[in-house]
Each structure stands twice: as structure tokens, then as C-alpha cells.
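Q: Please see the structure below; I have some questions.
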Amino acid sequence: MKSTFVAAAALLAGAASAAKEEGTFAVLRFTNKQLTRGRMDPILFPGETSTHVHNVMGGSGFSTSATGKDLMESKCSNAMIKGDNSAYWFPSLYFQDPKSGKFEDVEFDYFNAYYFFEKTHDEIKPFPAGLQIVAGDAMTRTMPKAGAKPNLDPSKGPVNAARMTCPRANNDYSTPSWDAKSDGTTAGVGDPITKNEGVGFPDRTCDGTFSPLRADVHFPSCYNPEAGLTNFKNNMAYPEDNDGYLDCPKGWIHVPHLFYEAYWNTNKFQGRWTEGEGKQPFVFSNGDVTGYSSHADFMAGWDEKLLKHIIDTCNAGTLGMDNCPGLFYGLNKDDCTIESEIDEKTTGTLDKLPGNNPLSGFSYGDAPSMPNKGDDDEKPSKPSAEPSVKPSATKSAPKDKSTAVEAPQYTKPAEEPTVAIPKPTLPSVPEIVSDAAAEATSVLANAPKPTEIFGKPDQPKKCKSTRVHTVWNTVTVTQTASVPAQTEDAAAAPAYKRDPVRRHAHQHGNGFNNFRRRSHRH
């Protein structure tokens with residue numbers, strides 16, 4: 001009898017320990033601007049050329065046909081946490097010159113991945129290797145049903161997973177970032193309460209201190225193992241609000257809530273377009289002029305024991321995940337890049353978007369129909385004259401090669417210039433906390449439903465004029481600045497906030513991000 005009682009007590013204690021009574025979070029930062037860039041998307045177009053250009057962060061095992069196993073075998077990663085070889089990617093941004101009509105790539109500034117560990121009755125578990133998640137809708141060209149309302153709780157209406165943030169110099173919004181009269185049909189719409197946030201592209205220059213235009217994307221955090229790792233249309237849902245706890249459906253697995261911040265240096269184009277007239281010159285690589293199609297992808301490549309340790313012990317907040325206590329393998333201190341498999345020009349001045357994607361949205365009309373692969377990418381209206389990629393006859397996917405060099409540098413795709421990164425010093429940067437991150441509390445819906453992002457796609461059409469190249473990935477590992485060591489008081493970092501507190505302050509910070517603010521003049 002006594003043993004039965006002890007067993008029952010142990011069971012209850014185990015259940016209690018699995019529950020998370022307080023939300024916590026930590027920001028993952030990266031050692032450089034990007035792992036690679038190109039028309040690659042192993043979730044939506046495995047083994048083929050994607051329809052639009054993405055910026056990619058993470059492990060060197062990334063390729064057009066990457067799997068979780070490939071990522072786990074990465075030779076290096078630009079994530080600061082050694083043991084995270086996951087891949088994080090999102091669409092690139094271009095500027096269309098109002099005078100010439102030509103396209104210029106917008107410099108990618110930097111990227112943060114927030115890991116929120118939500119208050120829940122569930123046990124939050126690490127992402128299983130190879131889990132594929134897609135957030136946002138790359139096919140949409142219309143304003144979200146929620147409008148500009150920042151909603152992550154389906155019980156209160158449609159979830160607004162993808163938004164834009166446009167900080168302004170001196171926090172001055174006397175001239176609004178989005179046209180105050182916009183109804184969303186011809187221009188983006190601003191949040192009437194939080195002036196620096198909205199949906200769709202703003203029509204003013206985002207010139208806030210340390211914070212240019214930012215694309216924000218929230219991911220669902222409930223995984224349905226019955227759907228499987230690669231069934232990205234149906235394997236994820238948002239957790240349900242259960243009296244202040246964010247719980248997943250029975251049988252589902254509660255994983256960390258990911259939130260991406262991608263920063264773009266649009267302020268470099270100030271003076272080349274007329275602001276405040278409801279029309280702006282920026283376009284996503286898929287041809288979207290609205291900004292409504294902001295989206296992002298994730299493929300898990302974590303050491304699961306390490307991520308579980310971080311989930312259970314770390315609340316480093318904006319100090320950065322690199323300040324979490326007891327990291328098993330330490331930190332990545334080196335640069336890590338790979339060549340794009342797609343041999344084409346994606347930067348500089350271009351006559352057309354890579355993939356020959358037509359402009360779409362507003363007066364340009366709907367997005368082109370999607371290929372059968374089910375990409376979060378659009379299908380170009382004409383066959384691309386740019387090269388595609390196919391696997392080698394002897395190897396299923398390009399393998400990475402590592403080389404060590406003394407000076408920090410990026411390895412760029414063919415025809416693209418090499419960008420040198422100077423040896424840094426690490427100045428202090430004022431701490432900033434993202435409004436969108438501060439209110440990242442997915443309190444969610446009646447019964448969570450799978451994220452059905454895409455409709456039934458059209459059958460693909462083969463591009464006859466495409467040149468085929470097989471380009472082997474080359475990993476470049478270069479020594480960069482030392483990364484701040486862990487501090488024992490990291491666990492005492494700012495607590496996770498579920499309530500929609502409006503703050504704007506992140507530490508744009510540790511490692512690479514901390515020394516690269518030199519280019520901003522506000």
C-alpha cells in the first residue's frame with residue numbers, strides 16, 4: 001500500500017515538474033549576416049530550384065535537398081550556440097528604382113531568433129531533428145483578416161503571424177509610417193496604437209536608432225507527431241489558451257515558440273523615392289509589392305539534449321542565448337558560410353527579379369499560381385533564364401567542404417562580390433526590446449487547427465530554357481571576434497512577459513551584431 005502511494009506521489013510530482021508555471025525566453029544570435037543566399041528551399045522545393053531568393057541562417061548542411069540528418073552533420077553553423085545546426089530562412093528584399101525600373105538588392109542587416117518557452121501545463125520538448133515548420137503565407141497579396149491588429153490568440157480572431165516594424169528617428173511618428181487613411185487595398189496599414197508596427201510595407205523610411213525596417217514572423221508551437229516531421233501544411237498548430245496557460249491538444253508535442261526578426265537596411269535608399277504618398281518601392285523576392293506575404297521557414301537540427309537543457313534552465317532574455325548557463329558545447333566563434341547551389345546573380349542591379357518573378361499585389365494583381373511542389377514560393381509567369389540545380393548522379397546532395405582562413409570573409413555565390421568583415425571591437429550598445437517580441441504570447445484558439453497555409457497547387461511546368469549546374473557547397477570557416485563568455489547571473493535576465501506590454505529595446509548585440517552598428521547614422 002505504501003509503495004503504491006509513493007509511486008502515485010512520484011507520478012504527480014513528475015507531472016507537476018513537467019508544467020511550466022512561468023514563461024521564459026532567450027534570443028539566439030548569429031556570428032555573421034548569413035550562411036548563404038539563393039533560390040533554395042528544401043521544404044517547399046526539395047532537390048530543385050526554388051522560385052524566389054531566400055536569406056539563410058544556420059548549419060552548413062543546408063542545401064536544396066537538406067534533411068534533418070544533413071543539418072545534424074553540418075561542419076559549422078553561424079548560430080552562436082554550438083549544438084544548433086538548424087536552418088532558418090526567409091525571403092530576400094529588393095528595391096525597385098522608380099526612375100529606371102531596375103531592381104537592387106536591399107542589404108540584409110541582421111537576424112534574431114527568439115525562443116519563447118511558454119507558460120503551459122505541457123512539458124516543453126525540443127524540436128525533433130528534421131521537423132519542418134512554415135509560418136506566414138507567401139501566396140497572399142491581401143491584408144490579413146485581423147488587419148493591423150497584433151493578435152496571436154485565435155480565440156480573439158484570426159492570428160496575425162507576420163507583421164512589419166518600422167522604428168523612426170527620435171521615436172517621432174508625427175508623420176505616420178503607414179498612411180493613416182489606408183484601408184489595406186492599395187497600401188499597407190499601420191497599427192493605430194503602436195505606431196511603429198503594421199502590416200504590409202510602410203511608405204516612410206524606417207530610420208530608428210539601430211533598427212531599420214524589420215520583418216517579424218511568429219511560428220506555431222504545437223507539433224502533431226501523427227502528421228509527421230515533413231508534413232508542414234498540417235503538422236503544426238498554435239497552443240490553446242487554458243486559463244492563462246498555453247496548452248497543446250492531447251497527444252501533440254509542445255515545442256519552443258519561435259519568433260524571427262529580419263532587419264533590412266531600407267534607409268540607404270532614402271531620397272530616391274517619394275515618401276508619404278501611399279506607394280513605396282520595396283518588393284519581396286517573390287514579386288510581392290504589398291509586404292503581406294512575409295513568411296519564414298525552419299528545419300530543426302538541434303542537439304536535443306542541449307535544447308532541452310536550455311528550455312528547462314535558461315531565461316537569458318535579450319542578453320542572448322549565448323549567456324545561458326551550462327551550455328554543453330560552448331559557443332561558435334567562427335564565421336560560417338556556404339556557396340549557393342544556384343549559379344545566378346542575386347545582388348547588385350538587376351533587370352528582373354531572380355527567377356523572373358513578376359510584380360504582384362495591389363494594382364499588379366494576384367500572385368502567380370503555385371507549382372505542385374507546394375512551395376511557400378510563387379511560380380514565375382515565364383521560364384527563368386537563370387540556372388537551376390540538380391543532384392549529382394553519384395551523390396544525393398552537395399556536400400560541404402570546410403576551409404580555414406585567417407581573415408573574416410563571406411563566400412558568395414558566383415558573380416557576386418565578396419564582402420569583407422573587418423575585425424571587430426565590441427562596443428556597448430543600448431539595450432532594446434522588440435515590441436513584437438514583448439507581446440509574443442500565442443494564447444490560442446478554440447481547438448487548435450493545423451496551419452493550412454496553402455491551397456491545392458497547380459501542376460508544375462518545366463522550364464525548357466534553364467541551364468543546369470551542379471555547384472558543390474563550400475563551407476568557409478573564418479576566425480572572428482571573441483564571443484562574450486557566459487555569466488553566472490544570466491538566469492536572472494528579464495522574465496518572459498505574456499501580457500502585451502509595449503516595449504522597444506533589444507540588445508542588438510552579443511557577438512557579431514554588437515560590433516556591426518557602425519554603419520548606422522540616425
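Cβ atoms here come from the backbone N, Cα and C positions, even for glycine.
Annotation comment: TrEMBL describes 41-302 as domain 'DUF1996'. Annotation source TrEMBL lists region 'Disordered' at 175-196, 347-426, 485-522. Feature annotation from TrEMBL assigns signal peptide to 1-18.
Set these features in their place in the structure for me.
A: Summed and averaged per residue, pLDDT over the domain 'DUF1996' (41-302) gives 96.
For the region 'Disordered' (175-196), same-chain residues at least 6 beyond its ends with a Cβ under 8 Å from one of its own Cβ atoms are 142-143, 147-150, 164-168, 202-204, 206, 208, 276, 278-280, 290-292, 362-363, 435, 502, 504.
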Q: Pull the DSSP breakdown for the region 'Disordered' (175-196) and write it out as helix, strand, coil residue counts.
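A: Its residues divide into 0 helix, 2 strand, 20 coil.
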